[in-house]
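Visitor: Following this message is one structure expressed as C-alpha cells.
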Amino acid sequence: MEKKKSSVSDVGAWGMNIVSSVGIIMANKQLMSPHGFGFGFATTLTGFHFSVTALVGLVSNATGYSASKHVPLWELVWFSLVANASITGMNLSLMLNSVGFYQISKLSMIPVVCVLEWILHGKHFAREVKLAVGVVVVGVGICTVTDVKVNAKGFLCACVAILCTSLQQISIGSLQKKYSIGSFELLSKTAPIQALSLLVFGPFFDYYLTGKVLLEYKLSSSALFFILLSCSLAVFCNISQYLCIGRFSAVSFQVLGHMKTVCILTLGWLLFDSELTLKNLLGMALAVLGMVVYSWAVEQPKTLPITRDSLSEDDLKPLKEGMTESPSNDAELCES
C-alpha cells in the first residue's frame, strides 16, 4: 500500500511539473511575443515569479502548514547566486547564439549532470541508463535542433549556463538530504534571496538584452492578467521541480523533463499552427522511447532479488561477521 501511494505521489509530482512548465511557456509566449503583449523583460519576470513563490512560502510558514528548518545563510546565498547565474546565462546564450545551438546546449546538460554527479557524489551509472540517456538526447536533438551558429561570447555564456544549471539542480537534492529539509521548505528559503537579487538587477540586465526600459512599458489589464497567470504557474513549477529532484535526482529530472519538450511541440502545432514535420515526429517518438527505457533501467535494480551471487565480497563480509545490516546501494542509478 505504501509503495502504491509513493508511486501515485511520484506521478503527481511529474504531472504537476509537466503541466505547470508547459503552461508557463505558453503563457510567456503570449506575454512576451511581439504579436502578443511585447513584455520583453524575461529576467525581471523571473524575479516576479520568485517573489510570488516567496510570498506563498511566507504564508505557509506563518500558518503552520510548513516548518522552517535551519540552513546556513552562506549555503542559501551560494545556491541563489548559482541559480541566478543559470537564468542569466541561459538568456544571454539565447540572445547570442542561434536557436539550434541553444537547444544543443540544453541537451548537453544531461551528460554534464551525470559527470558532476560522478565527480561530486561518486555516482556510477549502469550501461542501460547511459544508453537510454543517449537515445533521449538524440531524439530531442532530431526534433528541436535546426540551424547551428555559434560565436565565442555565445559559447562562453552557454558553458556558464550549462554548468550553473547542472550545479543548481544537483544542489537541490543534496541540500534536502544534507539538512533533512523538504522541497517546499528549501524553496521558501531560497526564493526570497533570488527574488530580491533578480528584481534589483533584472531590469538593468533586460535593458542590456533588449534596449527596453521597464518603466516605459505600457501595462494593460490583459498583460497584467498574463503576468499574474505566469507567476501563479511559476509557483507550481518551482515547487514541483524541487519535489521531483528531491524524490528522484537531477539526472532523472533532466531526462524525463524532456517530455515537456514533446508536449510543447505538440501544443505549438495545435494552438499556434507551428509546423510539425515527419522529422519532428520521429524525434519525439525516439525521445519518448528513450524515457521509457530510462525509467525501466532505473527501476530494474530495485526489483531484482538479492542473492549470494549478486553480492560482492565486501557486501558479504558484514554478513559473515554476524551483522544484520549491509551497505545500502545507491537507491537511484544502480552501480556504485
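In case you wondered, yes, glycine gets a Cβ from its N, Cα and C as well.
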Visitor: Between 141-162, 251-272, I'd like to know which one TrEMBL lists as transmembrane segment.
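Guide: Residues 251-272 are the ones TrEMBL records as transmembrane segment.
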Visitor: Of the listed stretches (71-94, 186-205, 217-239, 278-298), which one yields the highest count of Cβ-Cβ distances below 8 Å with the transmembrane segment (37-59)?
Guide: 186-205
